[in-house]
Amino acid sequence: MQAIIDAEQSFKFPVLVGDIGGTNARFSILVDSNAEPKEFPVLQTADYATIDEAIQHAILDQTAIQPRSVILAVAGPVDGDEIDLTNCDWVVRPKKMIADLGFEDVTVLNDFEAQALAVVSLEGHHMEQIGGKPEEAVATRVVLGPGTGLGVAGLFRTRHAWVPVPGEGGHIDIGPRTERDYQIFPHIERIEGRVTGEQILSGRGLRNLYLGICAADKITPTLETPVDITSAGLDGSNPQAAETLDLFATYLGRLAGDLALIFMAHGGVYLSGGIPVRILSALKAGSFRATFEDKAPHKAIMRDIPVRVITYQLAALTGLSAFARTPSRFEVSTEGRRWRMRR
């Protein structure tokens, strides 16, 4: 008789690692602990009804390699045997994956837990720094990622290992501070009466902010998508779009600074996700760093804390791969998040 159990031990190769976001899913396979990852094309989650179907058709059917272990990073909290994804209709069912796809071992982490693992695994040329001093080697770090949603995680060092701290920080309250903020915020869409970080600092948040600016200025919106708004803001062809990017950078700087204070992140704040890379020039323009540092009475501390934009699209896979290769380098709790077939 076969039974599925939790297990705390190293991973059996080959290992399939996957980063499952609200819009895109990325996968690679590690044949062994020393091999370079075998990468696969980025998938659109909307193109497949289930994650099992996506893995079968886009991964397993395209290679002769049969993974024994799987490590997935998913957008949303990991709780129970059926894991719903935030901003995506997929449901991860590890027991079903083991039964149907031939895996022996499935581990599911939070997507920004994987991003946290990545910040101490990426090479320097995969990041671009915005202000601050060089990071302190073993100091606490924070990862903040506006994309389809808004992800947040911390990373701290014990005596022997790095410990990622996942959470749902994208759903904290965010509020007005300046006179202009007070003009715009009444027009921002609320969730049960709240304006959350994700309602502004995400793809849809970018559009919410643009519509709020247009409403405050009594101007009919002419741009439909976050991509349109970003393009028009970067080239300066639309004043409201340009202000959208400036305020997006401002609010992102405020939140990043708050998180840096909470964690006292002398190891740096790391911006991941698709949006920071696309608007890098806007983040460098000044308002982001200025509001990041504007944290009296601790402005001197904030001036020293570096911010780095992760420019590598496969950062989460890098973090998961590092965990698969050298799990002893990290302290990752897999209780209730790892399923294994015992034969």
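Each residue, glycine too, has its Cβ placed from N, Cα and C.
As given in Swiss-Prot:
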BINDING   G18, D19, I20, G21, G22, T23  ATP binding site
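Here the features listed in Swiss-Prot are painted onto the structure.
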| residue | record | Cβ neighbours (10 Å) |
| --- | --- | --- |
| G18 | ATP binding site | 26 |
| D19 | ATP binding site | 28 |
| I20 | ATP binding site | 26 |
| G21 | ATP binding site | 25 |
| G22 | ATP binding site | 22 |
| T23 | ATP binding site | 17 |
Secondary-structure category, per DSSP, in which I20 (ATP binding site) falls: strand
Shell list (ATP; ref centroid = CB of G18, D19, I20, G21, G22, T23; cutoff 8 A): N24, A25, R26, T45, A73, V74, A75, L85, C88, D111
